[in-house]
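What follows is a short report on a single structure.
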Amino acid sequence: MSKLKEQTSSVTQYNQLKSLTGTRVMDKHSRNNLCIRITFIAGVLLLVFGTALMLGHNMLFDFFLKRELALAPGSSSYKVWRETPVPMSIEFYFFNWTNPLNYSTEKPKLVEVGPYTFRERHKKVNITWNSNGTVSYRRVRMWHFDHENSNGFLDDRIQTLNPVALTAATTVRDWSKFFQMSLSVALKQTSQKVYVVKTVNELLFKGYSDRLLDIARQMPKFGGVKVPFDKFGWFYTRNGSAHYDGFYNMDTGNNDINQLGKLRNWNYNNETTFYDYECSGVKGSAGEFWPPHQRRDTPLTMFSADLCRSVSFNYFEDRAVHGIDGYTYSMDEYVVDNGTLRPENECFCNGQCSPSGVINVTSCRYGAPAFVSYPHFFLADPYYSNAVEGMNPDPKKHRFYITMEPRTGIPLDVAARLQINLLLQTLEGIGPFHDTPYIYFPMMWFNQRATMSSEMAAGLKFVLQLPTLMVTGASVLMGVGLLFIVLWLVIIFFTASKDDMYKKNLTVVHLDKKDKNYEMRVCQPLINASNGLSINSEQKAPSDTT
C-alpha cells in the first residue's frame, strides 16, 4: 500500500513538472514567433520604402526644389532675393578722345582707360505680396568705389564727346529754323564744344552742371520730354535710388514653379511705349530668378530696365564654376540686330534702322541719341569699328553671358557687358555740329560681374548631391530589407527543424521536492518505445497501473 502511494505521488509530481515545463516551452516558443514576425515585417517595410525612394527620388527632389525656390516670406530664396549675397562688382572703361580738334578731317582716335571698379549691392524695397501669386517691389542698387581693383582714380580727366550739347542739337534738328538758330546762339553763349573734359566721377555718379540743362529744365517739355535731371552723369541719381529702375511685378513660382521669376509688369504695364508692336512686350525674367530644369535648346529671356526691352540668351557652351557644371547662355548678334539678320527685329529700329550691331535706346534715354552695343562693337557690322580708331573686339573680354546650373536654375556666373554710344552726325546750322561726321561714337563700356562665392557653391553642391544620396540610401534600405527577409526564411527553416527534434527529446531531469523548484538540463529521452516513461537514473517513472 505504501509503495502504491509513493508511485501515485510520483506520477502527480511528474504531471505537474510536465505541465510547468510545457508552459515554459510555449512561452519561449511564442517569443520566438514574435521575433520572427518582427523580422519579416521590418524586412518588407524596408524593402518597400527603399523601392519607393529609388523610383521616386527625382519627384521628391523636385518637391524639395519647389519648396525652397518658390518665393515667399521666410523662404530660403526670399533671403537671397531681398538682399543679394552674391559678390558683385562693375568695371567702367572710358574712351579718351585724343584728337577732338580734328574731328572734321580725321577719324576719332580713342584710347581705352580703366577699369574704374565699384563694388555693387542690390536690395528690394516696398515689397508687396499679391493674391495672384506675384510680388511687387522696387530695386535699389548701390555702388562703392573699389580703389584696389581699379586702374585709375575718380579724379582722372577724360576727354570725350559732349553729350549734353549733342542731345540738345539732335533734339531740335527737325524743328523750325527759329529754334535751331536759338540753340546755336545758346551753344555759343555757353561756350559749348563738340567735346568736353570731365573727371570720371563727374561722368559717372557725381554728375556735372551744364547751363543747357538749366535752360531745358525751364521749358515745360524739351523735345516732348520733361528733363528730370539738374546735372548730367551716366549714373547720376542712380546710386541708392529706389525709383530709377522702375516698379516691378514678378511671379513668385508658388502657383507654378515654371513661372518663377517671370516679370508680369514693369512700371504697372505689361508693355512699354519705347518700341513698336511685339517689340514692346515686357517678357522674360526680371534677371534674378529662372525656373528649374533649364535646357540647352531653350533660350533664356530677360527684361532689361536699362534697355527698356527684353533680350534673349542662347546656349553657348558647357562650363564649370567652382566645380559645378553649368550651361552658359550668351547674348548673340541677333539681340543687337535691327532687321538685317532677322526681319522681325525691325520694330526695334524706332524709325531709324541702323546696320546690325547697335540697339536704339533714344526714346528710353530721354531723347538722347544713345545706342547700345557690345564692347568695342563686338559682333557688330564692321561699319561701326571702321569709323573710329581703337576698337579691338575680343570674345573673352566682351561677351555678355550667364552661366546657370540647369537643374536648379540658379545663376553661377554673370558677365553683363555693354557699351554706350552716341550718334554724332552733321546738324546743319546748329553750332559746332554743322560739319561733324556721321559716327556712332563710343563713350564708355561696363563689365558687371556676379559670381557665386565658394561658400555658396559648397551649399549648392550638397543640394545637387541629394538625388545621389537618396539613391544610395534607397539601395541600403532595399539591401537591409532583403537581408531581413532572407534571415526570416532561415529562422523559419531552423525553427521548424528544432521543433520536431524538441518534441522527440523533451525530458524532465530533476525534481527538488524540498523547495518545489523544477530544473531542466540535458537528459535522456523521457519516453522510449522499450522502457516507457523514465525520469532519470536517480528516479524511475512510476507505473500507471495499480
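Note: Cβ is positioned from N, Cα and C throughout, glycine not excepted.
Please treat TrEMBL annotations as automatic predictions, because they have not gone through curation.
Sequence-distant contacts (6 or more apart, same chain, Cβ under 8 Å) of C347 (disulfide bond) comprise Y275, D276, Y277, E278, C279, S280. Annotated disulfide bond per TrEMBL: C279-C347 (among others), in sequence order.
If you look up TrEMBL, you'll see C308-C364 (among others) marked as disulfide bond. In the three-state DSSP scheme, C308 (disulfide bond) is classed as coil.
Under the three-state DSSP scheme, C349 (disulfide bond) falls in the coil class. Marked as disulfide bond by TrEMBL: C349-C353 (among others).
The transmembrane segment annotation in TrEMBL covers 34-56 (among others).
The feature transmembrane segment is assigned by TrEMBL to 469-494 (among others).
Counting in whole angstrom, C308 (disulfide bond) lies 18 from C353 (disulfide bond) by their C-alpha atoms. In sequence order, F274, L307, C308, R309, A370 are the residues near C364 (disulfide bond), counting only same-chain partners six or more apart with C-beta under 8 A.
In the three-state DSSP classification, C364 (disulfide bond) falls within a helix.
Within the group of disulfide-bonded residues (C279, C308, C349, C353), the Cβ with the highest number of other Cβ atoms inside 10 Å belongs to C308.
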